[in-house]
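According to TrEMBL, the features are:
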COMPBIAS  255-267  compositional bias 'Basic and acidic residues'
DOMAIN    58-186  domain 'TFIID subunit TAF5 NTD2'
REGION    240-303  region 'Disordered'
REPEAT    344-377  repeat 'WD'
REPEAT    414-446  repeat 'WD'
REPEAT    456-497  repeat 'WD'
REPEAT    498-539  repeat 'WD'
REPEAT    540-581  repeat 'WD'
REPEAT    582-623  repeat 'WD'
Amino acid sequence: MENMQAVNNFVAAYLKKKGFKEAEQLLEDLQNKESAPIDFHNDPELAKFIHRFSQSEDDVARYQDGYSKLRSWTYSSLDLYKHELLRVLYPVFIHSFMDMVAKGHLQEARTFFNNFREDHELMHSRDLQKLEGVLSQSHLEEMEFARSLRQSKVNIKICQYSYDLLLQYLHKTQSTAMLGVINEHINFQVSSGQPSSISDDAEVVTLIGSCQDTANQINQKEIHWGLLEDSLEERLEKAGGLLSDSEKTEEENKEGDADDTKKRSVESGKQGASTKKLKKEKALNATAKSARPEASTTPAAPRVKAKLPLPLMSTEVEQSILEDLRNRVQLSSVLLPSVSFYTFLNTHNGLNCSSISHDGSLVAGGFSDSSLKVWDMAKLGQQGGSSILQAENDSTSSEHVVGPNGGKRSYTLFQGHSGPVHSATFSPLGDFILSSSADTTIRLWSTKLNANLVCYKGHNYPVWDVQFSPVGHYFASASHDRTARIWSMDRIQPLRIMAGHLSDVDCVQWHANCNYIATGSSDKTVRLWDVQNGECVRIFIGHRSMILSLAMSPDGRYMASGDEDGMIMMWDISSGRCITPLMGHTSCVWTVAFSCEGSLLASGSADCTVKLWDVTTSAKVPRNEEKSGNPNRLRLLKTLATKSTPVYSLQFSRRNLLFAAGALSKNL
């Protein structure tokens, strides 16, 4: 009480000095009531006074001593509450550092930064590397990252008891510098009950802009996430054109025999392995048939109208797609997909990206020397040259090794870019390929003519990603200029420009109905945009590092995003909330892909693994399990490890065969 009275007297003296008579009278009334202590944390006026008082002190030792004591107290707390209290340290650390820089104590700020940065290297190494460049007061204004931090608040979810413990400590120790920083830059979301699980840490600490109310308002906008009317899938269902299980098994066996014959021509020394694998797959199909789970109770996706004029599809192409849909393998947790992995050899760290056509017949690679190379798997198989496989003689029968073929080129070379190629994507039919480059351009190539058709210019900085829409004709791009743009093949200028991210837009993905695009950014957020008016209709907040990959579920209900730390988050597009984090990768998640019926999610990472996740179970987590942080919600079905090949891209075929690609790395 003595400490409280001292603070009350200080505030009263300050109010009297400044002539705030009404505020002084109000404070006296509150003191006279003595019914409850003043909540200094939640009173905005008193919070400002305390922060000004802490700022008026030139002694920077208050920051160093205050943070050091707060850190020691936090680490010595009870284990039950420690992980919640530790969440407070990082925002207090970075804002104490920036406050010292703002006051001109540069050397002391640098010493403080170096003394305590190791505590946060594991979770925030990328942010710390940026803050390391803050060397003067002017940098705080000039550096966009530092400016956004100072204008932002951190949302921290914490239980009531942990919150009370923290306030009692701050008041008891009279840590006005730390209390000022916390009041100014942290927004506590206090919940009743037990502390949240330590596995929920990725969800409970989020950096938000000062316009959080605006973000919440955006997420209230109505969106129509269903599938397009009169789609091929809908027509097939109405016509009852799906094959029975027995017919589908016969078709799969025929395809397996054909694939086995094709592989024999390419890998003549491995007939035995192929036959053994084929028998294993047949046995697995029989087991899966007998253990087929009950029909899904998930309601069918609603039908929506297209906001963009859709291109016409020829009858021949339509029949081909319908044939694939009829013979599609229905995947589940007991029936996992077959995986065909394409490995690039002798790239000498020059491969930046890869892409696989929908049927797996074409594989493209974008290189640092500004070239784009496309391999035709059918032609590669007909060559039968032993040099194609000599780099990995013990590779499995389902692995295709892409590399140089002596003096004879085994690929089609596309040249035209004047900078490294960062992204490539095939059109749905495989007759076109788009590439984006550091030279700020996007180029359209014909895989039939083997020629460059169009060069699209509009971005002012490197273009990190480009993606064809599910219907072709339209495509979206993401750039270092913090914008995403929508284009059509027949126009050289963008149709829409999506601006709003605070940093690079690193990846882009189309919604299944082509009415929305999603963008992932280095500002750690994912945004959903309406293609008709270019407005942001959803902001997804929860990642703790830059977003590198995005995928939409086939029914348009869910979205998956992978980040630099190896975290994958599953989002409900309608509500804008995270359904569940998927933890398992130990490095960057470069690619994610949903199976064609949406029951499985595949993820590829720099940790040289492909992981398969059960989406159906993960998306139906009971609310009580979600709040308690039950680790059983993380439904990892299988991990497929490569020898030493980071996974660059994943692609499910229309028949649910999973294709993957990556470059062999001898440095791992």
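Even glycines carry a Cβ here, placed using N, Cα and C.
Automatic, uncurated: that is what TrEMBL annotation is.
Same-chain residues lying 6+ beyond the ends of the repeat 'WD' (540-581) with a Cβ under 8 Å from its Cβ atoms: 123-124, 126, 202-203, 205-206, 208, 215, 219, 223, 225-227, 300-301, 503-504, 506-513, 518-522, 524-528, 587-598, 601, 603, 605, 607, 613, 615, 618-619, 621, 626, 633-634. Helix, strand and coil content of the repeat 'WD' (456-497), in residues and according to DSSP, is 0 helix, 22 strand, 20 coil. Nonlocal intrachain contacts for the repeat 'WD' (456-497), taken as residues 6+ away from its ends with a CB within less than 8 angstroms of a stretch CB, comprise 308, 310-311, 419, 422-429, 432, 434-444, 503-510, 512, 514, 517, 519-521, 529, 531, 534. Looking at the repeat 'WD' (498-539) alone, the prediction's average pLDDT is 92.
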